[in-house]
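Reading through the structure tokens given below for one structure.
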């Protein structure tokens, strides 16, 4: 029995040490010697893309989220389908929804010109999300880099509840985020990414027409113009009508007025849960929201990264080597 206990303790120590080593291998200075121009190349590609289409900022932040929540931040979301790979792009939460792949491809090609085989696609996604936030007036943070790319995709996992559903309850959202090592404040802060971007009609139609007490009547009436009861499933609507292209704290002010577009937005405020206080705090203090958003993005970027000799550095982000 004592021998078994000792083996168990040693095994747990090994797991903890391995986890610590993985985190230690991620560093903001990871490419300082091997590819010092990497981050500037990525930044240039991102800024060019958002200057062309403002909506792309939200898309790049969302891509990072959808990558990290399915099997960790490993760029598995970028892989196209082949005879041996079922692409996450085709999973229900991502299909014709996640976008910005061409921006990542462009950034990768620019980096490859100066540092071939050095910078991972997973790191490019993470850096692009930060640069997108900064470009539209949001916070900037030091991205920890050193991730490697997966050699597989995880479509079945993406379809199995690893990503939030558009009708999830607060308890479901909190449970999902907790499973990823993120707390309630992280949930509310990361949801603030919906201060920019757009959503498709079919994702919020039911909320508009259910005549619920948690939606402002005037807001619902305005939104119905672009989202009829039948048809128009793909019609786009700004998540924040007031400042749709600026990364500010207006999203939280909207929630307090029952003007959250998605069910998963509005569940953050109005039920008397602990999230109410956080939403109220962010609505009054943009700087606090920005700081907490940056902290949460760093934490999210540390979800199960591949490091060391695990995975690979893809030559082309959409295919394994």
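Cβ atoms here come from the backbone N, Cα and C positions, even for glycine.
According to Swiss-Prot, the Ca(2+) 2 binding site annotation covers 195, 240, 243, 248, on the basis of sequence analysis. Per Swiss-Prot, disulfide bond is recorded for 35-115, 68-73, 121-317, 201-227. The signal peptide annotation in Swiss-Prot covers 1-24. The annotation site 'Transition state stabilizer' is assigned in Swiss-Prot to 62 on the grounds of sequence analysis.
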Listed in sequence order, residues not in 195, 240, 243, 248 with Cβ within 8 Å of the centre of the Ca(2+) 2 site Cβ atoms: 196, 242, 244, 246, 247, 249, 250, 251
Spatial neighbours, same chain, of residue 121 (disulfide bond) - Cβ under 8 Å, 6+ residues apart: 75, 78, 104, 108, 149, 314, 317
Nearest of the recorded positions (68, 115, 195, 240) to residue 227 (disulfide bond), judged by Cα-Cα distance: 240
All-chain count of other Cβ atoms within 10 Å of residue 317 (disulfide bond): 22
Cα separation, residue 243 (Ca(2+) 2 binding site) to residue 35 (disulfide bond) (Å, whole number): 37
Candidate with the highest Cβ count within 10 Å, taken from the disulfide-bonded residues 35, 68: 68
Residue 68 (disulfide bond) and residue 248 (Ca(2+) 2 binding site), distance between Cα atoms, whole Å: 24
Under 8 Å by Cβ from residue 62 (site 'Transition state stabilizer'), counting only residues of that chain that are 6 or more apart: 98, 193, 197
In three-state DSSP terms, the structure that residue 317 (disulfide bond) belongs to: coil
Which of 73, 115, 201, 227, the listed disulfide-bonded residues, has fewest other Cβ atoms within 10 Å: 115
